[in-house]
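Structure incoming, see below.
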Amino acid sequence: MAWVLSMDEVIESGLVHDFDSSLSGIGQELGAGAYSMSDVLALPIFKQEDSSLSLEDEAKHPPFQYVMCAATSPAVKLHDETLTYLNQGQSYEIRMLDNRKMGDMPELSGKLVKSIIRVVFHDRRLQYTEHQQLEGWKWNRPGDRLLDLDIPMSVGIIDTRTNPSQLNAVEFLWDPAKRTSAFIQVHCISTEFTPRKHGGEKGVPFRIQVDTFKQNENGEYTDHLHSASCQIKVFKPKGADRKQKNDREKMEKRTAHEKEKYQPSYDTTILTEMRLEPIIEDAVEHEQKKSSKRTLPADYGDSLAKRGSCSPWPDTPTAYVNNSPSPAPTFTSSQPSTCSVPDSNSSSPNHQGDGAAQASGEQIQPSATTQETQQWLLKNRFSSYTRLFSNFSGADLLKLTKEDLVQICGAADGIRLYNSLKSRSVRPRLTIYVCQEQPSSTALQGQPQAAGSGGESGGGTPSVYHAIYLEEMVASEVARKLASVFNIPFHQINQVYRQGPTGIHILVSDQMVQNFQDETCFLFSTVKAENNDGIHIILK
């Protein structure tokens, strides 16, 4: 036994000696100074890489930083964007911090900057339909705003403004050299934009976005400096506290290995800076939004689902100018249509332009190309949906059901688009049937020619009646429709009379039109006015 052990020791020592000998010569052929790490790092390729990295680090240094005093959720995975829960209507502080290095942006020294804080949608699909979503919210909650600024609690902000047409944005001026805090209140909750199906649906995430601008040569705050945003969800009062507590309890039940996959909860939320790049828009939408600045983050490809993106900021020169209402439609002799062409940006479901578009017979055909479909959407005041339907032909659009359109466009515009596609006209308030007698040169004081009996005129020719549909029960509407149907110059019509008992002429007033019976038949004749300036119309 002892002999066997001694043999093992001899063999082992021999193997170790051979192994050491085989390694002892490695690298000696190259020489001691042949491989120097300092020489390798001094190569030009590494010098260029170091310089590019330093430039990139310098470019990434943001001029400002915004910190919201609200805790982040502990139930967020490591490589995902932070998520913060907010209570509806509660004031939350956003600290506006100057993050510039010494000598950076000297043009801002002693100057004010303008920041616009907005609550926008996180999901890209909802961002494209933001206008329709917010209009629906406004319809359900008239007089309310999605975002407010708690001015008494805010510090260092100047010239605060809100625009009645932009319920999700507030703006103010501030001095980067001074302490500044803006307290915001979010009044919309995440579940308000979730389709109601069976209850218990998860609310959609929002983003709190801050865009900062400096003055241009004209003194207007239009030069963009910085944008940052964070992801939030808004709950009913105290709902955010309960959600935060539930997430914390769930994390406590996880194992230590599982906890390593999640971020810790931080007391504050840092708004993440986004590098912005413009989207190249098609020609149709470019005409519709010449001044829009829709943007995407530079790392759009892989991280869009995780990090979201900054939403396009509103046009600062005109965003807070009160636009005067458009003038009422006017009618002239050169305008044979029954009403004026509506503004393409109007989205009111009760706009008078619906009747005009359908009365003219301009409806989309199944053979319409994608470009013709885009033009039809613009003409019928669906310009907000040109991007959504950019690849739709006429046949594709006509195949959509009413439920499909409501889901895509929302209830109001979805029903309006469905009715436009099906060419459904608005039911008139009053319908009258009118037949024209041969023009008479008889003066107003003379008696007009009596109508023939049995539905025929005095010459024995069968009388052909035209239907007149009145959307407005006023005398001017009667004159306007008669001029349009019978090709009478509207500016030549002085008065409209109705022949009463014993042949007297009664002036047609708004009150008389309102007392017309539906589907009343009239014969009418035209007579020259007393001064031969224009004509009068007499209904019989």
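Quick reminder: no glycine exception, Cβ is built from N, Cα and C everywhere.
The model shown is predicted, which means the values in this text are computed figures rather than measured ones.
Pulled these features from Swiss-Prot for this protein:
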COMPBIAS  238-262  compositional bias 'Basic and acidic residues'
COMPBIAS  319-351  compositional bias 'Polar residues'
COMPBIAS  360-372  compositional bias 'Polar residues'
DOMAIN    60-296  domain 'Grh/CP2 DB'
MOD_RES   S22  phosphoserine
MOD_RES   S390  phosphoserine
MOD_RES   S393  phosphoserine
REGION    1-40  region 'Transcriptional activation'
REGION    235-265  region 'Disordered'
REGION    274-309  region 'Erythroid-specific transcriptional activation'
REGION    285-372  region 'Disordered'
So what sits near S393 (phosphoserine) in its own chain, CB-to-CB under 8 Å and at least six residues off in sequence?
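Listed in sequence order, they are A368, T369, T370, T373.
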So if I draw a 10 Å sphere around the Cβ of S390 (phosphoserine), how many other Cβ atoms end up inside it?
15
DSSP helix, strand and coil counts for the region 'Disordered' (235-265)?
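Helix (H, G, I), strand (E, B), coil: 19 helix, 2 strand, 10 coil.
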Mean pLDDT for the region 'Erythroid-specific transcriptional activation' (274-309), as a whole number?
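Mean pLDDT across the region 'Erythroid-specific transcriptional activation' (274-309) comes out at 41.
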